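Participant: Annotated active site, proton donor per TrEMBL: 108, in sequence order. Residues or ranges marked as substrate binding site by TrEMBL: 72, 96, 364. Feature annotation from TrEMBL assigns NAD(+) binding site to 196, 235. As annotated by TrEMBL, site 'Important for catalysis' applies to 150.
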Ligand code: GLU
């Protein structure tokens, strides 16, 4: 994969996208500057004991916008993390939350390490110390700033964060809402792990559902005949590929660090995943053409490309070689603004990151609500719904003298589980937001891309919040 972050101006790119959209909003310049700026940038270093000595770790937490509280965003564990990247990702979180109507400001964290070079004990030390630093500076709390997983972190790290926070805030009733993406056993929520990938699949499904938009780019509506290449087999890439397959698409290409594989007849994502686990590489997967240079994988024939790894993967260098008609940004910032301009001229559609990968934070919001309410979704009403549906069926059966076959009966009376409610909330969010963005695109002459339309929608909502807060006249 192309190297990133340190040699780019990711925050500048986000601001450029913001500026392109701001001209369509009509808000005063000062308000736009306030929305765009990163409110608080906390850069810190702390030592950990390693071997016979110490190592100093670089870390960040950036709160981009406080127009809503708490602020929200993941913590990235990566050697490539830098301040510019964390600022850009924090800003994207603000716009992302706004576009999917999740009532948070944006934030992001970064710890500059390569997790695989550290033991579990060292990672725990680093995570707990990072959390302690956030607590000391009031950069974490269920009503302040709520971290979550991101590239290089997951449920395990979130448990350490929750435990550290609870230890240092004994008796705080809502303490578990200080972080999301926790394991179920620690009051996480079902469906959070798959949420970003599931959301990406919903976003693509919604985009290709619109017949007139598909006709314009020479595709038919629906996922049934769509060939997809996914970059990244991490949490987001794997689940995007899995749900896209479930929705009827064919995964023809997969790209990872070590190379890429392609099979026009389709790849079984779980088999590739298992092969990689066994051999340490996706290369050598039976029946697939392979490319040692992973970036070549992106340029193979397909209808939809899902970059779900890191930022800055699709640039002026390779955009002209991309065969896909639709790029769905599973990762944050995979396409540079210059590449997007060229792709738009080529007649392609980019489903922008701030909407496309918003499934994760949407379900994080549900988890936070669950933690604040101290009750799992569906707990109160599941059985009640089942009983009342059964009463209805029984009444109908006795009035009509007909009986409903048992498999239909079970399907009709069933009350919703937590997972079903989460997935339903996520699906509704992704469908609704797609059409909101598309409406903006159609209603404002001059807007060329879904990204600009999404930014316009977000900026408008954030501006309204500032005005409602009385911060802006
Ligand atoms: N890290 C994820 C993102 O970039 C999730 C953030 C969250 O759940 O707060 O959207």
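Backbone N, Cα and C atoms are what each Cβ position is placed from, and that goes for glycine too.
Heads up, TrEMBL stuff is auto-annotated, nobody curated it.
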Participant: Please list residues from the chain of residue 364 (substrate binding site) whose Cβ is under 8 angstroms from its Cβ, counting only those at least six apart in sequence.
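Facilitator: Within the chain, residue 364 (substrate binding site) has Cβ neighbours under 8 Å at 72, 146, 148, 180, 181, 192, 195.
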Participant: List the residues of the same chain that sit at least 6 positions away from residue 108 (active site, proton donor) in sequence and have their Cβ under 8 Å from its Cβ, in sequence order, or write 'none'.
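Facilitator: Once residues fewer than 6 apart are set aside, residue 108 (active site, proton donor) is near 60, 61, 62, 64, 73, 74, 75, 76, 86, 87, 89, 90, 93, 150.
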Participant: Among 72, 96, 364, recorded substrate binders, what is the largest CA to CA distance in Å?
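Facilitator: Those residues reach a largest Cα separation of 13 Å.
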Participant: What count of other C-beta atoms do you get within 10 angstroms of the C-beta of residue 235 (NAD(+) binding site), across all chains shown?
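Facilitator: So the number of other Cβ atoms within 10 Å of residue 235 (NAD(+) binding site) is 19.
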Participant: For the recorded positions listed here (72, 96, 150, 196), tell me which residue's CB has the most neighbouring CB atoms inside 10 Å.
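Facilitator: The residue with the densest Cβ neighbourhood is 196.
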Participant: List, in sequence order, the residues of the same chain other than 72, 96, 364 whose Cβ lies within 8 Å of the centroid of the Cβ atoms of the recorded substrate site.
Facilitator: 73, 93, 97, 102, 104, 106, 148, 358, 360, 361, 362, 365
Participant: Helix, strand or coil by DSSP: which one applies to residue 150 (site 'Important for catalysis')?
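Facilitator: Assignment for residue 150 (site 'Important for catalysis') reads coil.
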